[in-house]
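In TrEMBL this protein carries:
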- 25-47: transmembrane segment (TRANSMEM)
- 40-289: domain 'G-protein coupled receptors family 1 profile' (DOMAIN)
- 59-80: transmembrane segment (TRANSMEM)
- 100-119: transmembrane segment (TRANSMEM)
- 139-158: transmembrane segment (TRANSMEM)
- 196-215: transmembrane segment (TRANSMEM)
- 236-254: transmembrane segment (TRANSMEM)
- 274-291: transmembrane segment (TRANSMEM)
Amino acid sequence: METIYQNSTDFILLGLITHPKFPGLIFAVVFSIFVVAVTANLVIIMLIHVDSHLHTPMYFLLSQLSIMDTVYICITVPKMLQDLLSKEKTISFLGCALQIFFYLTLIGGEFLLLGLMAYDRFVAVCNPLRYQIIMNPRVCLLMVLGSWAGGSLDGFMLTPVTMSFPYCGSLEINHFFCEIPAVLKLSCRDTSLYETLMYACCVLMLLIPISFISVSYTRILITVYHMSSAEGRRKAFTTCSSHIIVVSIFYGAAFYTNVLPHSYHTPEKDKVVSAFYTILTPMLNPLIYSLRNRDVAVALRKVLRKYASSQRLRVRHIPEKY
């Protein structure tokens, strides 16, 4: 049978569930999660911008995490929602390449940013008197730029190589977006060497921030252990707990995807895990930080009170009609 190379044509995304019986129900659930995720992240960004009490290094880094999560979920979910309502579930070669690039950039950037946020918590708990000096605006800006640059480096390295392989025959990607392992299964050539190198690259991208997190929280635990004040321990725990929960969720899914051997993977498991950290995680992150963070809750109440007061003033100034 003659091999036909089709690198200039469209791929077909089979979706989260290949032949869903109730696509409308899946659409409603995913759309609801998408709306909550985008709204919650935008609210976090807005609150940090307008409330002067949140103009601190920790909240600046949190605002960047929310920006990443907002862009992150917008890369895959709108296309997934479109495919649920459409008979044609195609994605162009260029569209697939862009999806891979932005996905790698955002996930790599988030890996690094979460690691640097652990360092911020270490400085806040272990060196509180020097916190403003160490975590000055220049350092915070370098942290953010480093996270975006590190993530984009991952995207620039892996995307061109992935899309340079010839793809032939059936171009049906057994996934709801162009994730590299699912795309490589369609290649006409042996990709085992590239997959090994990519595996090493992903492990390295995980080890760097995990090292930051492990060292930072080890030092934090030692410091908290030696605290004589119960109030100090409670404050340190409150400061770090939200970040620990977010890190556990995000890195747990990343560990399965990037570290476990291929024998543990199946297309169905991979899609479920991918759905967890591309759809659910961007929704959970802002909710965890807002529900467990008193400063964010206070800022939200202040904004809502201001809005309610302005609405009452508007109603009072509306002239009565006779």
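Backbone N, Cα and C define each Cβ position, glycine as well.
For the transmembrane segment (25-47), the list of distant contacts is 16-17, 54, 62-63, 66-67, 69-70, 73-74, 77-78, 80-81, 84-85, 279-280, 282-283, 285-287, 289-290, 296, 299-300, 303: same-chain residues at least six beyond its ends, Cβ to Cβ under 8 Å. Stretch with the largest number of CB pairs closer than 8 A to the transmembrane segment (100-119), among 59-80, 139-158, 196-215, 236-254, 274-291: 139-158. Summed and averaged per residue, pLDDT over the domain 'G-protein coupled receptors family 1 profile' (40-289) gives 87. Proximity of distant same-chain residues to the transmembrane segment (196-215), defined by a Cβ-Cβ separation under 8 Å and at least 6 residues beyond the stretch ends, is recorded for 108, 111-112, 114-116, 118-119, 122, 150, 154, 157-158, 180, 247, 251, 254-255, 258-259.
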